[in-house]
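What Swiss-Prot records for 31-219 is domain 'BPL/LPL catalytic'. The substrate binding site annotation in Swiss-Prot covers 69, 70, 71, 72, 73, 74, 75, 76, 153, 154, 155, 166, 167, 168, and the record cites sequence analysis as its basis. The site 'Lowers pKa of active site Cys' feature in Swiss-Prot is assigned to 150; the stated evidence is sequence analysis. What Swiss-Prot lists as active site, acyl-thioester intermediate is 184, and the listing cites sequence analysis.
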């Protein structure tokens, strides 16, 4: 159902992107639009969600932004593709009724899983029965995993029944990413990139096109 409006913001500071998200949330609510699908990339920044705990950020020396999304602390940076669906949850979609959040999250994560399949990878969404070898008892179970490694972090917020925030997908390897924090409550070693998993250079444009096509089909 390709009725979302797609925008690619390119490289954009997190604060500016958050303001633009908030503006789109108001637009979707006021005009009763289906929503927007936004792709972008951020300079290095750590965001802390509503469930962040003491000790999640312990030696990160870059900018930190408090946000209203669910989940805990995570990193955003140039090695990632960040995806922000600004979605009107009051509109019924295939696979979910109106004003349902968890079914939306599953569809969102499963779309990322579907794209990973095209790279020969078997991903699984975070609330499945699959468990990491890392201790998950006190960690955030959202996101997309390949075996016991996490390739995508997912956290959303909802205001006026419009979903915003979204996912950060690790595409290329950056040894400095996630240092000084426990992303989503896990040790930083749990995070992995598409480049590491495939052992090949990632065509970012190709990945973006695949994910854009899939998300516009299912959201």
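Even glycines carry a Cβ here, placed using N, Cα and C.
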Near residue 73 (substrate binding site), which residues of its chain come within a Cβ-Cβ distance under 8 Å, counting only those 6 or more away in sequence?
46, 47, 48, 49, 52, 56, 57, 181, 182, 183, 184
In Å, how large is the greatest distance between any two Cα atoms among 69, 70, 71, 72, 73, 74, 75, 76, 153, 154, 155, 166, 167, 168, the listed binders of substrate?
15
How many Å lie between the Cα of residue 167 (substrate binding site) and the Cα of residue 150 (site 'Lowers pKa of active site Cys')?
12
Using a 10 Å radius around each Cβ and counting other Cβ atoms from all shown chains, which of the recorded positions 69, 150 yields the largest count?
150
Where residue 71 (substrate binding site) sits in the secondary structure, as DSSP reduces it to three classes:
coil
